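What follows is one structure encoded as structure tokens, with my remarks underneath.
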Amino acid sequence: MKVLWAALLVTFLAGCQAAADAPIKVEQPVEPETEPELRPQTEWQSGQPWELALGRFWDYLRWVQTLSEQVQEELLSPQVTQELTTLMDETMKELKAYKSELEEQLSPVAEETRARLSKELQAAQARLGADMEDVRSRLVQYRSEVQAMLGQSTEELRARLASHLRKLRKRLLRDADDLQKRLAVYQAGAREGAERGVSAIRERLGPLVEQGRVRAATVGSLASQPLQERAQALGERLRARMEEMGSRTRDRLDEVKEQVAEVRAKLEEQAQQISLQAEAFQARLKSWFEPLVEDMQRQWAGLVEKVQAAVGASTAPVPSDNH
């Protein structure tokens, strides 16, 4: 299918667009005869993306219009309508993008003119979209009718479809012509608006250019002064700046020294306070535990004396009973 599209696109770009179909023989599907030229496609084809997309849709419609055996087989499946839907969406997308681009160029044009042109272009765009949708609907209807008449003769349906497609192709050609003309008007308006915008910019830039000339003349007069005088003035300014910075640096160093001395004094004072608090706490602990230690020593001494007395009593000699 892609190879066939490429061949049809080459024919499309060469300007070999035909508008009328040759009659189809009802005995059996055959390749159509060469169609007479209705209008050379190059008259409205300018290479815009939307026109190229419309050309692909056009060539695909020509291929469908042949009603060859391959077309007959694919018309019974949704592939053809899906391809047409894709080509329709692509065409309308490119057309909307081109329209948006022209609308940006129309910004300097009067609002009333821009609204009128946009309304006319939208109407032509809607007609083209409706006719493309009509083509797709006809093919869907044909597929449904053929499927309903399986096993019966479909020659009348094919002849009727061929007639409808010829009419739709003529309508599409008229829509494309109308759309191309309105886009040309749209583009002319955009070009005129752009020229007005350039004139307005030139008027605004005039004073700025004059100011630039005055400034350049001032710079030129300064450049004519002796180089030694300018260097001396620059040296004086640098010297004054360095002296000012040195004075500020010395003042800042003095402030830092004073702050460091204050911090050192505070740290020494806090260290002394901590030392005194530690000595007081040590004395307090000593006063707490000394009575307890003395009491424990007394109790221990008494316990030792009692043990010694008990041991001495148990070792004393027992008197004998010999008389």
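Glycine residues also receive a Cβ, built from the backbone N, Cα and C atoms like all the rest.
Some features that Swiss-Prot has for this protein:
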SIGNAL    1-18  signal peptide
REPEAT    86-107  repeat '1'
REGION    86-261  region '8 X 22 AA approximate tandem repeats'
REPEAT    108-129  repeat '2'
REPEAT    130-151  repeat '3'
MOD_RES   M149  methionine sulfoxide
REPEAT    152-173  repeat '4'
MOD_RES   S153  phosphoserine
REGION    164-174  region 'LDL and other lipoprotein receptors binding'
REPEAT    174-195  repeat '5'
REPEAT    196-217  repeat '6'
REGION    216-296  region 'Lipid-binding and lipoprotein association'
REPEAT    218-239  repeat '7'
CARBOHYD  T218  O-linked glycosylation site
REPEAT    240-261  repeat '8'
REGION    272-323  region 'Homooligomerization'
Report the listed stretch (130-151, 152-173, 240-261) having the maximum count of Cβ pairs within less than 8 Å of the repeat '1' (86-107).
130-151
Tally of DSSP helical, extended and coil residues in the region 'LDL and other lipoprotein receptors binding' (164-174):
11 helix, 0 strand, 0 coil
